[in-house]
């Protein structure tokens, strides 16, 4: 462990804002990249479900 | 085979000269863009001189790009491209002739106009040979690379902006080498290295891009 | 040499089944590698003697930059496979990988810029690596824009393939010319990854992160490709059965 | 997806008229046959081998006339024809003048094509059929913008080409008055999709 306390870990010397901003932005983008295809898949399946219901009720 | 090459060259030349206004447009554009810079950054000779290598090259690059937007458009619309694709002659050869004709009458004219505009920006006369050589070696690459983009976007309604988006990043090495050569000559440094690099880029572009252009045209025609 | 695997890969059904089996493993590997790499890099690796703790940004900057460059090469390879062997899956892979690659480039650029502030005192320096990354982003934009602009699906894939191939031939030229331009104009800036000899506890987490990013890319690419295959092959009977099953599971 | 389960075999001396309502895929079928488009599935063979195996060989034997015939408005009729022929085999000036005369454009040899009417421009394109040409003709709507006499003349010329062992594939909306022996019709509108 290269930090003595949690507060020191958050502070990252004097570079805390930069380090945490980088990690925050990157993790947000990575999360977005995972979420978008999953959401798209759900939406597609919902559309298909609706289409199937329409065809069954015909 | 070489017969078709020269016939196509003659035909394209004839077509260009029956619409002389279109030949002049890129040149006028080039001159206007150059004239914008002193108006934007101020008329100080010192400043303009130090900026001139970059300005001339950026303006030349944009002028070539704009002139290429319509390179294949009329051939696409009147069915000429279908005939080219279906002819027994190799399509890369035909497109090379087409781009060569285009470069001879728009690229070369640009090269000849450039010294005049460079002098207006305060580039000293001793730099003019390097300016001429760098443009002479660089503009064919610009034409050939731009033709790849023109071939890929020829079937699209508003292809002009997209063409710029696709091709401008690919122009960067030519821009760096061309303006670098001019910068070096402005500072009295040797420029042969830059020019040789530009020459090798030209050789690379002449041998490789015709195949990419041909592939792009086949895709656009086959849509 | 046995080429059956190659033709199997051309079959969307086979791809869908296999990727369904691989996806969980890849996801788990990505999460594990990235979690361990992050914790190690953030908390346990020693600070850099020159840059202090801001150097910890490399644990995402470098993997993202690596991935961004490899994905572009992958685009070109997929394009070549699609053009030469007319393999439809390669077309799907090309178009689905491009946005991921562009996002990775964005990560590399943003983290590089943030890293620049404590190091150079300014967010943006026309440093060779950052400039090359910016150009790479433009190249990605080109591929994505071309794919969006052409309505015919097959033509769009082929056009993107040609563009990616032209781009990949150009990348080394761009890279070298930018490096050379950079040394000419501002000699001796020190760069995000100009580390002569990193100690083990510094580079090991970096290696884990790089592997983690590759697994993450694989997982997201499979996710996107599976959806695209379902959409493209919507008329095939196995896709209809699969969609029906998924829908019933969801209801 | 325009059509499926289409199986077709043509031999020298035959003429195939592809008909059907707008949007039934007439032009697409012709473009597939010419090799301008690739089929999603299935294959097209010329003399036993697929098109992609022998691109140059097929091109040498194929004359394609699309909706637009590749005529440049800024060039004269003669210049246009000279180039279009040169793409296959160069033609003599006298032959070009004869061909132009055959399509009723005598005296228009040196006129830029943009000054000609639509029908006249169409005829410039069709003049290629009166020059030494490859045996396989694929013509997309060759009769548009032509007057009655010209239509009859072209029909006779196409029939003559078939009689001499050529092969014609064309789309048109009107029914041909003159059908050669090897005439076949493919109605894309009748086929269930």
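The backbone N, Cα and C atoms fix where each Cβ goes, glycine too.
TrEMBL lists C:14-185 with the feature domain 'Cytochrome c assembly protein'.
Per TrEMBL, the feature transmembrane segment maps to C:22-45 (among others).
The transmembrane segment annotation in TrEMBL covers C:57-85 (among others). Residues 6, 10, 37-38, 41-42, 91, 93-94, 97-98, 100-101, 104-105, 107-108, 111-112, 114-115, 129, 133, 136, 139-140, 143, 157-158, 160-162, 164-165, 167-168, 171, 192-193, 205-206, 209-210, 212-214, 217 of the same chain sit 6 or more residues outside the transmembrane segment (C:57-85) yet have a Cβ under 8 Å from a Cβ within it.
Residues annotated as transmembrane segment in TrEMBL: C:97-116 (among others). For the transmembrane segment (C:97-116), same-chain residues at least 6 beyond its ends with a Cβ under 8 Å from one of its own Cβ atoms are 54, 57-58, 60-61, 64-65, 67-68, 71-72, 74-75, 78, 122-125, 127, 129-130, 133-134, 136-137, 140-141, 143-144, 147, 160, 192, 213, 217, 220-221, 224.
Taken from TrEMBL, the feature transmembrane segment covers C:128-147 (among others). Distant neighbours of the transmembrane segment (C:128-147): 65, 68-69, 72, 75, 95, 98-99, 101-102, 105-106, 108-109, 112-113, 116, 156-157, 159-160, 163-164, 167, 171, 174-175, 178-179, 181-183, 191-193; these residues of the same chain sit at least 6 beyond its ends, with a Cβ under 8 Å from one of its Cβ atoms.
The list of residues near the transmembrane segment (C:159-178) in space but at least 6 beyond its ends in sequence, with Cβ under 8 angstroms from a Cβ of it, reads 69, 72-73, 75-76, 78-80, 82-83, 91, 94-95, 98, 128, 131-132, 135-136, 139, 142-143, 146-147, 150. Annotation source TrEMBL lists transmembrane segment at C:159-178 (among others).
Residues or ranges marked as transmembrane segment in TrEMBL: C:202-223 (among others). Below 8 angstroms of C-beta separation, residues 19, 22-23, 26-27, 29-30, 32-34, 36-38, 40-41, 44-46, 48, 58-60, 62-64, 66-67, 70-71, 93, 96-97, 100, 104, 195 of the same chain, each at least six residues beyond the ends of the transmembrane segment (C:202-223), sit close to that stretch.
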Confidence summary for the domain 'Cytochrome c assembly protein' (C:14-185), mean pLDDT rounded: 88
